[in-house]
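According to TrEMBL, the protein carries these features:
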| type | residues | note |
| --- | --- | --- |
| REGION | B:1-27 | region 'Disordered' |
| REGION | B:67-86 | region 'Disordered' |
| COMPBIAS | B:67-78 | compositional bias 'Polar residues' |
| BINDING | B:N208, B:M237, B:Y266, B:H302, B:S322, B:R323, B:G324, B:D363, B:G364, B:L365, B:R366, B:E402, B:Y429 | substrate binding site |
| BINDING | B:H406, B:H470 | Zn(2+) binding site |
| BINDING | B:C550, B:C553, B:C558 | [4Fe-4S] cluster binding site |
Protein chains: 2
Amino acid sequence: MTTTENRPTSTPASTPQPTPMPGADVPVQAEHLTALHSSHTRVEREVTGPNGEALRVPVSRVGLTNGETFDRYTTSGPGSDPEVGLPPLRAEWIAARGDAETYEGRERNLLDDGRSAVRRGEASRAWRGERRAPLRAKDGTRVTQMHYARRGEVTPEMAYVAAREGLPVEKVREAVASGRAIIPANVNHPEAEPMIIGRDFLVKVNANIGNSAVTSSIAEEVDKLTWAVTWGADTVMDLSTGDDIHTTREWIIRNSPVPIGTVPIYQALEKVDGKAEELTWDVFRDTVIEQCEQGVDYMTIHAGVLLRYVPMTANRVTGIVSRGGSIMAGWMLAHHRESFLYEHYDELCEIFAKYDVAFSLGDGLRPGSTADANDEAQLAELRTLAELTERAWEYDVQVMVEGPGHVPLNLVPENVQMQQDWCHGAPFYTLGPLVTDIAPGYDHITSAIGAATIAMHGTAMLCYVTPKEHLGLPNRDDVKTGVVTYKLSAHAADIAKGHPGARAWDDAMSKARFEFRWHDQFALSLDPQLAQEYHDETLPAEPAKTAHFCSMCGPKFCSMRISADIREKYSAARGDDAGVAAAEADEALAEAGMAAKSKEFVELGASVYLTPEKAGAAKG
Amino acid sequence: MTTTENRPTSTPASTPQPTPMPGADVPVQAEHLTALHSSHTRVEREVTGPNGEALRVPVSRVGLTNGETFDRYTTSGPGSDPEVGLPPLRAEWIAARGDAETYEGRERNLLDDGRSAVRRGEASRAWRGERRAPLRAKDGTRVTQMHYARRGEVTPEMAYVAAREGLPVEKVREAVASGRAIIPANVNHPEAEPMIIGRDFLVKVNANIGNSAVTSSIAEEVDKLTWAVTWGADTVMDLSTGDDIHTTREWIIRNSPVPIGTVPIYQALEKVDGKAEELTWDVFRDTVIEQCEQGVDYMTIHAGVLLRYVPMTANRVTGIVSRGGSIMAGWMLAHHRESFLYEHYDELCEIFAKYDVAFSLGDGLRPGSTADANDEAQLAELRTLAELTERAWEYDVQVMVEGPGHVPLNLVPENVQMQQDWCHGAPFYTLGPLVTDIAPGYDHITSAIGAATIAMHGTAMLCYVTPKEHLGLPNRDDVKTGVVTYKLSAHAADIAKGHPGARAWDDAMSKARFEFRWHDQFALSLDPQLAQEYHDETLPAEPAKTAHFCSMCGPKFCSMRISADIREKYSAARGDDAGVAAAEADEALAEAGMAAKSKEFVELGASVYLTPEKAGAAKG
């Protein structure tokens, strides 16, 4: 290897192997999983928590035709009835800590559902699930995972994510204590299965959903949520700005097995009828508390957009493209005052500490074009986000930092390197970035290129981009395409970073490929349905699913078959399997092996052909 | 910027600006272009060649609604009638050199069209175009662009590509002379518009087409060719293995405005009825001459797969996945002799020098899974390809070197860095690479991630991967998706490398975005049809094409509008446009600017709203 500049510091060689999960397996019904592929089942493994709790950690188990199984990390949850929601998985763990109490909660307000809340009543009547009073920390206490971690305490949440990631629990606690990772876990969202976001863990993917002035119903949004987590979304952000904001979010949270994020300034703007200059700290604060009580796990706060940074965007090619950033810029322009988010930041920290809501510090000045990448405005804001990170940590509040956007590929790594240096390793959460501006309709791809690269260099979570980016609102298919595209980018980064066990998935797929186990190739793929559909377009017949060839070369000649012959030879030549060790496959062995075998090979019919009999024989 | 490890040596700062093309423009009819978008027209600019020839260098000109135009590099050609072919653009240039002569050519042979040449007769009858006798170098001469470049001679081909790339012609000649770039230009393919492949030039994209035992008709293949170049394929490889191989290739070459590549071992294998062990140097040599006479511009030759390397693949996860590589391995296993391609390599060089066919040295041992990446077998073969590169250069034969395949993202850069070091800068031509194995159905994306990265680090041409990779044969839609995906990857690399003028395209798009010129956004995008289709899904009405908002935020609020307000302010504050220079946008200016403007802003209606009148006003 001539250079290793690009090799991340943590390589497969230097990382610990995954700790096998102890405990017993419990298979669980989950139709939405088997819907993906008949070979997928949800299995919950019982692991004992720090206080003797029985933690049931889920995996998606793939049954293979060779009798083996392969366990995949799953985000899809046990499946829920939209009108009832999910069981409160974490309720007992939270109660057992005894540091939170229920209270009456903020009074509901007609504005909560926006200006024309046409369907609210209807949705509220339809709800058949439990209605819980909100929880918050008792006076003088903090209920954040960071708080516990810093006290040296291992929570069930930490044990759960350690088992999910196959890593030592102490590694999890230490990362949360130091701020290098977060476990978004609002005490009012007990339905969520704990997960961790940090550079030393599996790269996570967020999917944005939410209605807008132009669309859509509550049922549609809950369906989008379930759809997104079924395909692998690790968190979901509800960016609704249309009708029934409060009620839509309520249904999404109650049905969500993953952490839910929001951008509260969107709802606050609706409450002042869309007039940014009429926003006030009180309206915003009230909206944040409303969402804390519902169970939002992390909130995007654009507190880094300062008055003095606004003019830095004046001669950009695309100015300010962040909606939150431009709302705050609009407010500051109107009042010529510093951002109320910045000025009341400590109060926000106090609120977040009472519910364990994590900051997602918004990059309101992110570049909207490759021309504006890494400019003065973007970097000035990042410096402020670093300051805000440290201030949140003083309150034991968990923090991640948002990043771009649109960035030329050669400038991508320094974005995460600067963020990690300046923000002391706080998790980076980026939107792509897109590495070119010229491919609307393909921006899930232009951004997947930037996403895989920035994740390899240390970004902890990737916000997906769908094919509709810059053009319209994503539909169901776009959500799926966006999630699958980002899962493959995240996994590519996991392999590049050498996350323990990440490569095992690729190896299982490659073995299935080499052995022509077509059904297993479908079952193991990120999108089993599409993989089989594409295969069947050319070779629909069922026998082709076991045939030792594919449509690329056709039945007559097959590369893989020749490789099988080679393997046979060199195993045979040494009379044992060790004979295949490429390390020992030197010229001497080659000569010996081939001299002995070449004659016999021809006698056998010298098969670069593939006859059905041979196909059969080769299977054995 | 904290680190620049990933910044390629050539950055925008350090590269020359594009030389404006002199000469007059001639608009040309090209229905297949306007079919992409009504605003696209083919324009040929007349440039004077080194010997006073009138070279007509094409661009695709995009007419914008603001009166500006934007010229795009075009590969689509003037459009051809499949049964007549294209005019012989280069015939006079070749004749003027006086170093080639026509001859009777090799005698056609029933085997040329494969075992069951059912449609051959029919296709031959249909042909209405010219039938030219083959050309080759006169005895004792060489007709390669490398030969001329080394003599210090600037050819019309060199002048043509210099104009196309917007670079000095001497830079082109020097790169071809040194072997760092190639101009694939068989004297028997005068229809092709000259193009250059090398790390200092625009990254190129190859699209594979060709029938197989399972499919398809000659007309379909010619249609796939035209389809591929319309979307931007810089070269096309005909990998036919089915019926009518010779005739299919004939029609493809006669209709191709881009260089055509092949893998002659595929046709040779058909001539011996698919029995690799029955291949002989004579059969292979005869096939190569057959294809040289037809006008194939570059040929993949797997001469680097040596007998002693075969056992190195024995314990790979996926063995040998290259079809050519496994054919040669099969032959060597059967005969236990060194590869006839390696042993007769010098004779191949002599043949290629007579027609100016370029080597594409095949990586027969490329990894077929991330598990096998950068292993002993792959690197041993690369060492041999480096040796073969130097040997071809002794004959003035142009060479590019093929690369993987499947490679974890962190190991991608060293692949091109090793190849460039070992092969003295000969152009690298890679298949992807795919950065994970788990996403069949999305391998155009898993490979686009590796492709953009390896191209940024110096790969000169990318072989596309379609969504059908590993699953089936690409159809028309897959060819388009593959080409567009690879064009965006190549362009992302051009920006990252700072190719002069590459970023201008992105800036034109971003300006159109900022100014809500929707039709221009469609016109400038890689896929105008899809971009408009996606936009219209949410906002079909024609007025939305000029509206100052999009479906993301809806009509009430718009981020871009706020940015326009900011720009107005800071221009106004200084009373001139220089006022917007972000470099000067310091706090003082901010205070001054905002103090002066904030009151007026509110009086004006403090628009984070967007009313139709304002939209109108803002346009002015």
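Note: Cβ is positioned from N, Cα and C throughout, glycine not excepted.
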Just to confirm: which same-chain residues, 6+ apart in sequence, have a Cβ under 8 Å from the Cβ of B:G364 (substrate binding site)?
B:H302, B:G304, B:V305, B:I320, B:S322, B:G324, B:G325, B:S326, B:M328, B:A329, B:E381
Of all the binding-site residues here, B:N208, B:S322, which one's CB has the most other CB atoms within 10 A?
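Result for the most crowded candidate: B:S322.
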Of B:Y266, B:Y429, which of the binding-site residues has the most Cβ neighbours inside 10 Å?
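By the 10 Å Cβ neighbour count, B:Y429 comes out on top.
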What span in Å does the substrate site cover, taken as the longest CA to CA distance among B:N208, B:M237, B:Y266, B:H302, B:S322, B:R323, B:G324, B:D363, B:G364, B:L365, B:R366, B:E402, B:Y429?
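If we measure all Cα pairs in B:N208, B:M237, B:Y266, B:H302, B:S322, B:R323, B:G324, B:D363, B:G364, B:L365, B:R366, B:E402, B:Y429, the largest is 20 Å.
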Express the distance between the Cα positions of B:R366 (substrate binding site) and B:H406 (Zn(2+) binding site) as a whole number of Å.
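That separation, Cα to Cα, works out to 8 Å.
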For chain A, give the subset of the binding-site residues B:N208, B:S322, B:G324, B:H470 whose C-beta is less than 8 angstroms from one of that chain's C-beta atoms, in sequence order, otherwise 'none'.
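Of B:N208, B:S322, B:G324, B:H470, the entries that lie near chain A are B:S322, B:H470.
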How many of the residues that make up the compositional bias 'Polar residues' (B:67-78) does DSSP mark as helix, as strand and as coil?
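Each residue of the compositional bias 'Polar residues' (B:67-78) counted once, the result is 0 helix, 5 strand, 7 coil.
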In the structure shown, which of the binding-site residues B:R366, B:H406, B:H470 has the fewest Cβ neighbours within 10 Å?
B:H470
Measure from the CA atom of B:H406 (Zn(2+) binding site) to the CA atom of B:Y429 (substrate binding site) and give the result in Å, rounded to a whole number.
14
Have a look around B:G324 (substrate binding site) and count the other CB atoms within 10 A of its CB, chains all included.
24
In whole Å, how far does the CA atom of B:Y266 (substrate binding site) lie from that of B:H470 (Zn(2+) binding site)?
19
How many Å lie between the Cα of B:H470 (Zn(2+) binding site) and the Cα of B:N208 (substrate binding site)?
14
Using the alpha carbons only, what distance in Å do you get between B:N208 (substrate binding site) and B:H406 (Zn(2+) binding site) once rounded?
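Computed Cα spacing between B:N208 (substrate binding site) and B:H406 (Zn(2+) binding site) is 18 Å.
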Does DSSP give B:N208 (substrate binding site) helix, strand or coil?
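DSSP call for B:N208 (substrate binding site): strand.
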